[in-house]
Each structure stands twice: as structure tokens, then as C-alpha cells.
């Protein structure tokens, strides 16, 4: 049984919802799944004034524990076309894991969100993949076998690089059914590949 970590950062709860959908998918594929989040860097008074969702039940992860898992699925919103600084800061503390090769051969995958359709979802995922590759991880995306990412009948996130959701500038749009299904599919897909690698 593969051990899968869904590691996320969510300011307003959109990525949190996606993270639990990813976890559901991974569990459905037989994985042992843990959901954790990275620490908030914004001062609490600023976060409260900005209406951040601070009541998230997932425990805080530490960089060293990444080595305990067979697959790590990373989720964070885009900030100006790249990953949110909270997630970047967390991974910038993994030099010891890199030096000792603790993540080599593990599966890595990424999902994201943005305020608009063209707000940097693909650039965020593609910009984070080199971090996984530098750690020697095997990168897995969201294949077109998930047909939900095809078509133009509705506004939706998702690409072969990973699941994603669109939030609107005011955060009023929640992940749609098809976006959550994409997240579940990605979680299951990663878990199945990780299980083959650890068999």
C-alpha cells in the first residue's frame, strides 16, 4: 500500500477543498493518505483583516516528514503566475532532504487555483515541477484519460499538468463538480503509480 501525502496551502479554502478531493481519490485507489498544510507566513492580524480561512483542520507539516511518503501531491494557489510563497518557503527548507536523496524515486504531482481562467494555472504547475525533479521525483500529471478536462461547455480548470480551479477575483466561485472530479482522478492516478513503484 502506497503512503500518499496531500500537502497544501489555502488562503481562502478553495485549495483546501481540492486537497480533500485529491485525498479521496487517492484513498479510493487503496492508498494510505495523509492531508497536511504548510505554515501560514502572513501575520495573523493581516490574515484576519484579509478574511483568510484560518480554521483549517489539517495539521501543519514539517519538511523532514516528506521522506516518510511514497508520493507527495502538492496544492497551492497561484500568485502572479507562480506558486504561493507559503509553499515555496516550505520547499526551500528541504535542502537536507535533497542532499541525502530522501525523495529520489518518489512520485510528485501538483494542483492549483487562480482567480481567472488565464491567471497562471499552467505556469504555476510547470514552474513548480523543477523542484520535484531536482529532488529526483517522478512527476505525474492529470492525463487526458480524465475526459472532464476536455470541452468548452463551461468555465473550468484543469490541464494535463494537473487539476485546478478558478475562484473569481473575490473568491466567490467554489470548485465545481468537474474540477473536484479532476482532483479525485489525479489523486487516484498518483496513488496507483506510487503503488506500482513500491510493490
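Heads up, the Cβ atoms here are built off N, Cα and C, so glycines get one too.
What Swiss-Prot says about this protein:
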type	residues	note
BINDING	10-15, 78-80, 113-119, 134	FMN binding site
BINDING	12	NAD(+) binding site
BINDING	98	substrate binding site
DOMAIN	4-190	domain 'Flavodoxin-like'
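Features as recorded by Swiss-Prot, highlighted on the structure.
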{"residue": "10", "record": "FMN binding site", "CB count, 10 Å": "24"}
{"residue": "12", "record": "NAD(+) binding site", "CB count, 10 Å": "16"}
{"residue": "13", "record": "FMN binding site", "CB count, 10 Å": "16"}
{"residue": "78", "record": "FMN binding site", "CB count, 10 Å": "23"}
{"residue": "98", "record": "substrate binding site", "CB count, 10 Å": "15"}
{"residue": "113", "record": "FMN binding site", "CB count, 10 Å": "30"}
{"residue": "116", "record": "FMN binding site", "CB count, 10 Å": "13"}
{"residue": "119", "record": "FMN binding site", "CB count, 10 Å": "21"}
Item to complete: State the three-class DSSP label for residue 98 (substrate binding site), counting H, G and I as helix, E and B as strand, and everything else as coil.
Response: helix
Worksheet item: Between residue 113 (FMN binding site) and the residue listed as 'NAD(+) binding site', what C-alpha distance do you get in Å?
Response: 11
Worksheet item: To the nearest whole angstrom, what is the C-alpha distance linking residue 13 (FMN binding site) and residue 98 (substrate binding site)?
Response: 30
Practice prompt. Could you state the whole-number distance in Å separating the C-alpha atoms of residue 10 (FMN binding site) and the residue listed as 'substrate binding site'?
Written response: 25
Fill in: Three-class DSSP secondary structure - residue 10 (FMN binding site)
coil
Response to the item:
As a whole number of Å, the Cα atom of residue 78 (FMN binding site) is distant from the Cα atom of the residue listed as 'substrate binding site' by 24
Worksheet item: Should residue 119 (FMN binding site) be counted as helix, strand, or coil on the basis of DSSP?
Response: coil
Item to complete: Would you identify the secondary structure of residue 78 (FMN binding site) according to DSSP, in three states?
Response: strand
